[in-house]
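K.L.:
First the structure, then my questions, so here it is.
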């Protein structure tokens with residue numbers, strides 16, 4: 001097979017492109033790929049960081065089968081994802097629709113609502129959350145006005161996870177901005193046509209907005225499932241790094257961190273990281289599989 | 001001028017050159033970070049510790065004095081709080097980049113000793129003089145004949161009580177030579193039920209009272225050689241039954257409030273006794289100075305309850321903090337000089353006082369005694385009273401499972417406090433979880 005010969009100028013250009021891409025490749029290899037391969041190796045070893053790793057094959061993986069805390073952390077994380085992702089998407093879509101009605105000062109509101117998604121996973125907000133949902137926090141002071149004696153939301157194992165769900169839903173801004181862009185793409189004629197046919201607000205939403213927005217909803221859903229499954233900072237800060245009280249906020253990545261850096265079981269933690277890759281990959285695959293049934297791409301597919 | 005919109009060959013080359021030099025810079029900066037070695041003819045050694053702001057300031061003063069006495073050595077210091085310290089140290093050790101001299105403590109140091117990360121200090125005994133250090137203060141860092149740490153100071157756990165709060169509640173301060181664990185609960189309840197509206201006792205969440213409890217029942221966390229668990233399910237169940245009794249008595253803070261305080265990483269300044277809201281708390285006695293500074297009140301130290309008629313003395317004093325050196329240090333002699341200065345220099349002792357515990361070197365203690373504050377005198381007095389009970393030595397923890405015990409305890413303790421596990425079920429789980437770490 002003959003490749004069409006590149007002109008000298010084009011080849012030079014290609015070389016320049018490679019040079020400029022180099023930083024990214026170095027980063028990819030050094031910061032992502034290298035550690036991933038290393039962790040795959042560590043996951044098959046007994047490694048405590050303080051002495052050299054010892055090969056143990058699949059022992060770490062079989063150990064995961066009967067680790068009750070691993071099961072706890074998985075169920076905590078699944079509950080967190082299942083609760084917070086749909087709630088977040090609903091709030092984001094609702095706000096986007098309100099903002100899309102052409103109110104004044106849109107840029108201002110957009111920024112204000114976007115702000116939490118920049119801050120949500122930060123340490124400062126985690127600390128703030130402790131103040132807001134603490135025994136003597138803002139929420140309980142407010143409830144106190146109505147004579148309700150609220151629990152310590154973040155320090156009671158029955159409610160701690162829900163306060164983290166609220167924290168996550170609060171970071172709806174980035175999804176909202178994407179929804180807003182999607183809403184802008186829907187041609188006004190569709191609404192006019194629907195209105196002529198006598199469709200009210202709800203029918204317009206149900207039969208025009210949602211179907212045309214499904215690719216955006218799908219995109220947000222995939223991103224949110226992936227990112228919330230890996231949530232770490234919120235639980236780490238709010239629980240003081242323990243996943244407590246009583247393991248009620250033991251996110252998977254928090255448990256992984258505790259095993260690796262707290263108990264120095266780096267081999268086991270590496271194996272856990274690979275389980276995380278598999279689980280997140282599987283969830284994404286499931287999402288894509290079912291997307292065929294409800295995502296509508298307008299081009300007849 | 002054709003292609004005027006595209007960069008000329010020369011400017012493209014310049015861009016490439018720039019990119020490369022940025023890379024070279026980043027890479028060389030990476031190498032420059034590894035800087036143990038020589039600095040203008042001086043030997044540079046690194047020293048890491050954890051602690052409070054007070055300790056950071058004092059230690060920097062001590063280092064300045066050391067550098068003045070040893071003109072050929074420059075000490076690079078790094079310090080952090082407790083949590084960050086161990087995470088940083090373990091990753092540093094994995095990268096072969098441990099500090100030359102470092103602060104360590106049990107049970108975490110045993111992972112490092114066991115894996116050969118710490119230097120056997122017997123190798124540098126010509127420089128590091130241990131003659132004045134009592135042998136029992138070094139028993140914890142003596143493993144298989146090697147010495148892996150020198151004690152920074154003795155400490156103990158105890159109960160701090162605020163006499164002003166007791167007076168306000170109209171409850172007498174118990175006699176700590178006679179009080180029982182039931183008396184502790186009764187005292188806390190009496191204070192909470194008085195008109196004072198005070199909390200009787202801070203809810204104990206750390207395992208600090210467990211050691212004395214087990215010892216009073218003739219047991220210990222570990223068997224004498226640290227190879228096996230040294231306590232029974234029955235005794236541990238008893239402790240958690242006591243915790244439940246204390247919780248239900250109404251004499252303490254709610255479990256929720258206690259958990260919250262713990263999660264916020266609250267220091268002794270945020271302790272309810274320091275804030276005049278509670279009358280009793282368990283704590284490490286060397287924190288008394290900080291507690292009094294925060295509360296502005298004179299605070300009394302009591303021995304733990306239950307010593308009267310116990311199978312074995314529960315109280316124990318032991319060094320709370322040690323200094324060690326990296327096994328891979330390139331400057332063992334200079335590291336040993338610093339260690340020697342830290343434990344044997346009266347001048348260093350005068351700066352650090354009791355912050356890391358009561359100095360075990362009698363000469364150092366004697367030198368600083370005239371300068372002690374009233375709180376520090378009470379700490380010394382407490383340790384004397386505890387030692388007068390003639391406590392037996394605490395058994396060395398298991399190197400593998402020991403470091404995990406505090407974390408396992410804390411979690412199961414929360415399960416008990418929130419009624420997710422019965423005391424008996426928690427005790428059973430405590431033993432099985434520790435066993436799984438062996």
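Glycine too: its Cβ is placed from the backbone N, Cα and C atoms.
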K.L.:
Under TrEMBL, the annotation transmembrane segment belongs to which of these stretches: A:78-99, A:232-253?
P.N.:
A:78-99
K.L.:
Identify the transmembrane segment range according to TrEMBL, selecting from A:136-159, A:160-183.
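P.N.:
It is A:160-183 that TrEMBL annotates as transmembrane segment.
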K.L.:
Of A:51-70, A:271-290, which range does TrEMBL call transmembrane segment?
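P.N.:
In TrEMBL, residues A:271-290 carry the label transmembrane segment.
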K.L.:
Which range wins on Cβ pairs under 8 Å with the transmembrane segment (A:21-42): A:78-99, A:208-226, A:271-290?
P.N.:
A:271-290
